[in-house]
Amino acid sequence: MNTAAAGIVPEPIARQPWEMLIPLFALVGFGAAVLYSAGGGAMAPFASSHLLRFSIFMVMAMVIAALPRDLVRMLTYPAYIVVLLLLMAVEAIGQVGGGSQRWLDLGFMVLQPSELMKPTIVVTLALFYSTLPVGMTNTWRALLIPGGMVAMPMALVLLQPDLGTALAIGFGGAMVMLLAGLPLRWFLGAGLAGIVIAPLAFFYGLKEYQQRRVMTMFDPEADPLGAGYHITQSKIAIGSGGVFGKGFNEGSQSHLNYLPEPHTDFVFATMAEEWGFIGGLFVLTVFTFILRWGWKVAQASDDRFASLLAGGMVVTIFFYAAVNLMMVMGMAPVVGIPLPWMSHGGSSMLTNMICIGVLMMVNRWNQKAPRRGLGA
Amino acid sequence: MKSLFSRGKRNSRPAKIMNASILRSSFERRTVLIGTVQGGIGILLAARMGYLAIAENEKYRLESESNRVNLTLIPPRRGWILDRNGAPLASNRADFRVDIIPERLKDPEGTIARIGALLALEPSRIADIKDKVAGARGFQPVEVASGLNYDQFAALSVRLPDLQGVVPQRGFSRFYPTASSVGHLIGYVGPASAEEYEKDPNPLLITPGYKIGKDGLEKQFEKELRGVPGARRVEVTASGRIVRDLETREDIQGEPVRLTIDGPLQDYAARRIGLESGSVVVMDCRTGDLLCMASMPSFDPNSFSDGIGSVEYAMLRDDERVPLRNKVLKGLYPPGSTVKPMVSMALMEQGIDPKETVYCGGGLRVGNRVFGCWNRRGHGAVDMAKGIYQSCDVYFYAMAQRVGMDPIAAMARRCGMGQEFPLPVTSQFYGTVPDPEWKMKKWGREWQTFDTVNATIGQGYMLSSPLQLAVMASRLATGRHVMPRLTLDTKPKGFDNIDFPSEQVEYVRQAMSDVVNGPGTAGRARLPIDGVQLAGKTGTAQVVSLSISNGKSGPWKYRDHGLFIFFAPYDNPRYAGAVVIEHGGGSGAAYPIARDVMTFLFDPAKGMEALTALEKQWGGTAQQRLDARYAAYAAERGAAVSRPPRRDEEIFDRVEAEARVAAAQSQAIADDVIAPRPEANPSGTPPVSAPVEPPAATETQAPVVPEAAPAPAPVTDGGTAQ
């Protein structure tokens, strides 16, 4: 669609990646409808602020999309250091909420720096690998420095403690490393090590409430009023929706407060109750479109930095969506990860719009310098 | 996928020749790999969602419905218990009440303290509630208070958001208008215990405010009285807030139970017992209807319905007059001389001519022993009638020797002693009618002469309940096998079954009339009503041996029981009954009560007049005195009482066990010859139609008849030493 620029449509508009934007707008609009219902059938407080945030962050994404490559390369490491300092600041002076210390009150807004770290780590590693001499890709130096770059923010986020975000950062970093061409056996080795360490980490590393959440995933009915309540109620909401759902604004699970967090982490369950399987398929399809467009952008770039950057962003968005959906369907432990563009929440909207903005930026770079022939 | 991995590995191994194009192709392959994995996860998610929403839709739809809809049971209004004229003995009163559900309490101590302050509950009550909450299983509601006024109810209701687990509601509570007068008969209601809920896991049983019958008729007729609960389906939020009503079904009130009891008479009799401990049973001779089954002192069933308070329980338990025991059914007493008309029937059946006389010289020698008459100076020549109205023991000793024990025991059973009756009561004691076979079986000893002697005067092993005595009175009065009944929907029974020939019945009637109206032992029992003559038979039952007490004075529990069986009018019996006063000091404690109760039956105004005067001396009605006693007890001992048993059943078991022990009291002297006690009023001076009796205590302490006061010397000779 972006290439089929007919004469009627002005060029700056036709240039936009509509094959991604239209599904995205649809998803955000759908999310607003679900939030309208979750808000008890009103725009306030969720739906209107959801749309407002999206508009603001869309503008921000366009600004990001307009950034020149050199500026991005130049700002990458400073940005990483700033976000890392913010994470340390959270540790020192951050606000405590919900049992962990994640937020930084900047006066005009409450910032969750760990969210910013997710796209930042991707950009940072992409830059690192694009500047790493090709011959060193399969040496230990290719792993040691980026490993430290990933481990530092992960450790800080784990201290908060926020396992979900820490995993997201680690996952994003690892995926960029994979795409950067690091030897596969390292990943296999790490996977094996993970299998060995996971039980140890479970028993000694996790807080009790985190352990309970993990256990709950395997048997939610064991503790129907405690940790299993979230998953049980979420499954009831999704399951009771059936094929076509109970109808807009008719979801009893969310309207009568049985479903916890119906507007944030469990927004998919709220949606599925009212829109059924059809609504769920729509959401999955939209994510497929957006992610597929992201991969196309990554593959279309001939620049190592840009393609790693795009791939990392796609993976970051995917991590959000997949973990959230697995969680609400009872296939993953309850970790506080919202669903991109549907959940109500500023920080996750910010992160995901940064990802989209970066993808649009890479897309623009691609358009300016179309891929040269075959090979590098 | 495997091939992708292996190729990747192979590419990265020859490390020396790594270049940009290899990296690029590795990047492209790996994007495809990751994209494929992502697509796989997407398909997995879609499949999972399809499974939840389509395959398991039914299950989750039900669960979502059961989340959304809350079914609240509306406890059915309990059926009324009515007396024979339709007046309620137990009814329901609309009231405001508060329950707490221990499971939902966040801070039990604090919440109870706050409610206590709001409703101004007594400290002992608060302690009881805390104790019950600590002992309750989660689902059992605990009643905090009922009968609240609107202001208290409103004050509590507005604070509900801070008081989780507290359930104030409008409902009905059980109300017994005559309170303690019907305590033993009707029983009381209370919340179901954990055992009862386990036996019948009906959600109604754990609905706050729902009570089931715990004792007496309330328990016996539970099925009829219960009714059908209503239901309210409401949509609720997760926190339990009601969003809207979906559907309401009204409850169906339980069936009323119509008793044969005459409410006013029951109340009158209970109050007339006064300061004594005893029971009054009155029956209708034409139907067998039990008109009155009063047992006093008693408890207030109204105050039991929210659980038995520890102070109240301690007070009732400490009372040696056992207010928790239904003495009509579970009091067993040696019937004393009240058996003599029955023995006369046995004698006549054995062919003894009632005209035949026996010379009474104050005692009868059998073998080498002398058995004394209560009148040690002797009655002279005594025929059967005089044997009855003068209660001459020697006549019956002599005649019983002739016929033996067996016919007498058979007659006792025919008259209802030792029998259980088909009545809807939770338990009744059937007492003992001893005979040689019984003694051998129970004690392994031969029947002795003195056993027959004791039995003919209703002592020794012989034990019967007031109900049995009343049945005996009605059977003697009518000559028919009258069966008692307690509910109006049962058929009168036994009237076609003739026990005694009519000339014998008339003979005994006349003799029993002479007890009261002639030269008998209960002259002061004469009814102050023209044309209605009372017939009766006195009895004084010794409970301990003479060496311990003379039966008239000294410790209360050693005094003789006073008994009286009666019917009226004597020539055409309409009503019959029995009065038993525990440790009343003799029959003089019993028959004035019978007289007043019968007076009330024929002329309520006259009866009330007598009672009002008495109650002035006693310090109020039975209920007023109970309340005053409770207040005094609570003030004195309130802080130091021990907790009542958790389960009402334990209380019943304890009361029943104690009743059995008490019944065995007189058995201790059964192996001795009983020295008969003087009957109260043998001179037969008619009362000066004075309805006002001196207080019972005075009466028993100062024997009315001078010549009847014997020295408490042993009358039997040394032959007793075995």
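Each residue's number is its place along the chain shown, starting with 1.
Each residue, glycine too, has its Cβ placed from N, Cα and C.
Taken from TrEMBL, the feature transmembrane segment applies to A:20-38 (among others).
Summarising the annotation, TrEMBL assigns transmembrane segment to A:50-67 (among others).
What TrEMBL lists as transmembrane segment is A:79-96 (among others).
Residues 72-73, 76-77, 79-80, 83-84, 86-87, 141-142, 145-146, 149-150, 153, 157, 165, 168-169, 172-173, 176-177, 180, 303-306, 308-309, 312-313, 315-316, 350-351, 354-355, 358 of the same chain lie 6 or more positions beyond the ends of the transmembrane segment (A:116-135) yet place their CB under 8 Å from a CB of it. Residues or ranges marked as transmembrane segment in TrEMBL: A:116-135 (among others).
As annotated by TrEMBL, transmembrane segment applies to A:142-159 (among others).
If you look at the transmembrane segment (A:165-182), the same-chain residues 6 or more away from its ends with a CB under 8 A from one of its CBs are 114-115, 117-118, 121-122, 125-126, 129, 132, 137-138, 142-143, 146, 149-150, 153-154, 157-158, 190, 307-308, 311-312, 315-316, 319-320, 323, 335, 337. The transmembrane segment feature in TrEMBL is assigned to A:165-182 (among others).
According to TrEMBL, the transmembrane segment annotation covers A:187-206 (among others). Counting only same-chain residues 6+ beyond the ends of the transmembrane segment (A:187-206), those with a CB under 8 A from a CB of the stretch are 163, 174, 177-178, 214.
Taken from TrEMBL, the feature transmembrane segment applies to A:275-295 (among others).
The transmembrane segment annotation in TrEMBL covers A:307-329 (among others).
For the transmembrane segment (A:341-362), the residues of the chain that approach it from at least six positions outside its boundaries are 17, 20, 24, 27-28, 30-31, 34-35, 38, 46, 49-50, 53-54, 57-58, 60-67, 72, 109-112, 115-116, 118-119, 123, 263-265, 267-268, 271, 283, 293-294, 297-298, 301, 306-307, 309-310, 313-314, 316-317, 320, 324, judged by C-beta separation under 8 angstroms. Under the heading transmembrane segment, TrEMBL lists A:341-362 (among others).
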Outside the transmembrane segment (A:307-329), at least 6 residues beyond either end, the same-chain residues with a Cβ under 8 Å of its Cβ set are 118-119, 122-123, 125-126, 129-130, 164, 167-168, 171-172, 175-176, 179-180, 231, 234-235, 238, 265-266, 268-269, 284, 287, 290-291, 294-295, 297-299, 301, 335, 337-340, 343, 348, 351-352, 355-356, 358-359, 362
Worksheet entry | Interface check, the transmembrane segment (A:275-295) with the transmembrane segment (A:20-38), three or more C-beta pairs under 8 A | yes
Spatial neighbours of the transmembrane segment (A:50-67) not adjacent in sequence (6+ beyond its ends, CB under 8 Å) are 28, 31-32, 35, 341, 344, 346, 349-350, 353-354, 356-358, 360-361, 363-364
Sequence-distant residues near the transmembrane segment (A:142-159) by C-beta distance (under 8 Å, 6 or more away from its ends) are 80, 83-84, 87-88, 90-91, 114, 117, 121, 124-125, 128-129, 132, 136, 165-166, 169-170, 173-174, 176-177, 180, 182, 186
Sequence-distant contacts of the transmembrane segment (A:79-96), meaning Cβ under 8 Å and at least 6 residues beyond its ends, amount to 102-105, 110-111, 113-114, 116-117, 120-121, 123-124, 149, 152-153, 156-157, 159-160
